[in-house]
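Colleague: Handing you this structure, nothing more for now.
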Amino acid sequence: MVLIRVLANLLILQLSYAQKSSELVVGGDECNINEHRSLVAIFNSTEFFCSGTLINQEWVVTAAHCDSTNFKMKLGVHSKKVPNEDEQTRNPKEKFFCPNKKKDDVLDKDIMLIKLDSPVSNSEHIAPLSLPSSPPSVGSVCHIMGWGSITPIEKTLPDVPYCANIKLLDDAVCQPPYPELPATSRTLCAGIPEGGKDTCGGDSGGPLICNGQFQGIVFYGAHPCGQALKPGVYTKVFDYNDWIQSIIAGNTAATCPP
């Protein structure tokens, strides 16, 4: 079974396939409190259901399938139960999606750019991660993180984000397990061929950081998480650099690559 890696309560995403419950990092360890300063928690009245990445003081990048009617974003958070003194909460002021995204197709151009209702300040636990200067190379070591499930089948949500290292794999590795993905999808394939480490339900929208650069957005994967030869699929940020920069510069009519 394959599912979008987001919480099951986002019912609008349930189309012809089963939706993947929110994903957590499976096979990882608790993140160091200072190693996820750009990680954004996206939450509603009941739970953290997605993550995002702060790319400057006013803008966050996440997955389009993380969109919801009412949500807030928390920055500088580590533990859900023990707040950091520098945590900041923001609402979305504007949300941008690829104008050429196929309607009602959650597998197409899964990226959302959010302008915050007010800028955030850099602090001990908050700092942006810039857009990538070049695309990643196969074999790169990549870092995943999130508050998603830490068990592959039953949902087990941690109080703190979990982190793990995986590798960028050749796109061909992701084609057999996910034939439903468009052939032209601008995505990355990343994981551990033998399985054991993966993003999971609740990790959707979070970053894939390869060699220190923000290269991917948690998008799609298998359920149970962490299966052998079924790595995760990530939206390829580098392919959307021009669109993101155009929107930030004020060109709201900018179009994403096909």
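Positions of Cβ are set from backbone N, Cα and C atoms, glycine also.
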Colleague: Which candidate, C31, C50, does Swiss-Prot give as the disulfide partner of C163?
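Modeller: Its disulfide partner, as Swiss-Prot records it, is C31.
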Colleague: Look at the disulfide annotations in Swiss-Prot and name the partner of C225 from this list: C200, C210.
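Modeller: So the cysteine that Swiss-Prot bonds to C225 would be C200.
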Colleague: Got a sec? Which of these disulfide-bonded residues, C50, C98, C174, C256, has the most Cβ atoms within 10 Å?
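Modeller: In terms of Cβ crowding, the pick is C50.
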Colleague: Let me know the most crowded of the recorded positions, choosing from N44, S204 and counting other Cβ atoms within 10 Å.
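Modeller: Ranked by Cβ atoms within 10 Å, first place goes to S204.
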Colleague: Cβ-Cβ under 8 Å from D110 (active site, charge relay system), same chain, 6 or more residues apart: which ones?
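Modeller: Expected: A63, A64, H65, I217, F219, Y220, T235.
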Colleague: Let me know how many other Cβ atoms fall within 10 Å of the Cβ of C200 (disulfide bond).
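Modeller: I count 37 other Cβ atoms within 10 Å of it.
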